[in-house]
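Okay, so here's the structure we're looking at.
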Amino acid sequence: MSRPDIQLQPDGRLRHFLTIDGLGRDLLTDILDTAESFTGVSERIIKKVPLLRGKVICNLFFENSTRTRTTFEVAAKRLSADVLNLNISTSATAKGETLLDTLRNLEAMHVDMFVVRHADSGAAHFIARHAAPHVSVINAGDGRHAHPTQAMLDMFTIRRHKGEFTGLRVAIVGDILHSRVARSQILALNTLGTSEVRVIAPRTLLPADCRSLGVHIFHDLEEGIRDVDVVIMLRLQKERMRGALLPSEHEYFQLYGLTEERLQAARPDAIVMHPGPINRGVEMDSQVADGPRSVILQQVSFGIAVRMAVMSMALGSQAGGGE
Ligand code: CP
């Protein structure tokens, strides 16, 4: 008998959101549909719904972040939750307090949800296993393992522009080896029924188990993006590289950097995505990053609605944004 998924309640509803792995198409579609109902909240004069009034959400970011931390905070506030942002560099963690002791102390303040980013793969699962029964944990990126809300906001962006996943060709370009985003995107794209998922990278930046993820592998950028509907560029994750995996950033750009000229190989209506932060002139040219096919800033905006969806579903308040 398979072990129950720690992420799910016995009735199949979301309790934690730690990884896309093991979640079904219906649940992922439910997240996208719920996010759709929240997009209008940002357009209102009073950008709030009372769904999580009285709940306390704690952002626990042990690693740097701009987009994820702030959009989680905005999302929690739009749901009327109270938000705690623990500043790790000035917290007692810096004096040697263990992760579990930090957790217990925050639980003593009646926190209902932890949003966790950590450099160690598995950190969010560890916290979820040790959290009090009423507490939910959302993984905001752990090591090179998973970044499930990033993947879902990317799926939301693709669905907004392309409709159905069936019939789509999606290419993910760059440092697949170190990318928690790519792993989560590949799982989500395949679960949602994408016709073809391609990865394009030098051999040194591909994981050994890449083919088992259900992707087609390319080493040539122009060949790989030919006729694709979506091009997702990834940052070189230099902070996770051990040793020299690339000759130089200049050479990387010559081979794998996305330019307007190279983008001509994709479908004429192809969109260009990037989870951020972008290294301009390394993985992509500014003309492309700021060009008409780029939906990079839309990804950030949609991230608020998707994070509202995940938080409200995990805390059992999935009434949508209708109020
Ligand atoms: N995409 C992403 O995770 O960006 P941040 O590191 O700024 O949160």
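Glycine too: its Cβ is placed from the backbone N, Cα and C atoms.
In TrEMBL, annotation is done automatically, which means it is predicted and not curated.
Bear in mind that the values here come from a model prediction, so they are computed numbers and not experimental data.
What TrEMBL lists as carbamoyl phosphate binding site is Arg67, Thr68, Arg117, His147, Gln150, Gly276, Pro277. Residues or ranges marked as L-aspartate binding site by TrEMBL: Lys95, Arg180, Arg235. The domain 'Aspartate/ornithine carbamoyltransferase carbamoyl-P binding' annotation in TrEMBL covers 15-159. Among the features that TrEMBL reports, domain 'Aspartate/ornithine carbamoyltransferase Asp/Orn-binding' is placed at 167-313.
Taking the features listed in TrEMBL, we show where each one sits on the structure.
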residue : record                           : DSSP (3 states)
Arg67   : carbamoyl phosphate binding site : helix
Lys95   : L-aspartate binding site         : helix
Arg117  : carbamoyl phosphate binding site : strand
His147  : carbamoyl phosphate binding site : coil
Arg180  : L-aspartate binding site         : helix
Arg235  : L-aspartate binding site         : coil
Gly276  : carbamoyl phosphate binding site : coil
*Determine, to the nearest whole angstrom, how far the Cα atom of Arg67 (carbamoyl phosphate binding site) is from the Cα atom of Arg180 (L-aspartate binding site).*
15
*Tell me, how many other CB atoms lie within 10 A of the CB of Gln150 (carbamoyl phosphate binding site), whichever protein chain they belong to?*
25
_Integer Å distance between the CA atoms belonging to Lys95 (L-aspartate binding site) and Pro277 (carbamoyl phosphate binding site)_ = 30
*Anything from the binding-site residues Thr68, Arg117, Gly276 with its Cβ under 6 A from ligand 1? List those in sequence order.*
Thr68, Gly276
_Can you break down the domain 'Aspartate/ornithine carbamoyltransferase carbamoyl-P binding' (15-159) into helix, strand and coil residue counts using DSSP?_
67 helix, 26 strand, 52 coil
_Between Arg67, Arg117, which of the binding-site residues has its C-beta surrounded by the fewest other C-beta atoms within 10 Å?_
Arg67
*Among the binding-site residues Lys95, His147, Arg180, Arg235, which residue has its Cβ surrounded by the fewest other Cβ atoms within 10 Å?*
Lys95
*Among the binding-site residues listed here (Lys95, Arg180, Arg235), which has the Cα closest to the Cα of His147 (carbamoyl phosphate binding site)?*
Arg180
*Would you find the one among the binding-site residues Gly276, Pro277 whose Cβ has the most company, meaning other Cβ atoms within 10 Å?*
Gly276
*If you measure from the Cα of Arg117 (carbamoyl phosphate binding site), which of the binding-site residues Lys95, Arg180, Arg235 is the nearest?*
Arg180
*Using the centroid of the Cβ atoms of Arg67, Thr68, Arg117, His147, Gln150, Gly276, Pro277 as reference, list every other same-chain residue with Cβ within 8 Å of it (recorded carbamoyl phosphate site), in sequence order.*
Ser65, Thr66, Ala140, Gly141, Val181, Pro275
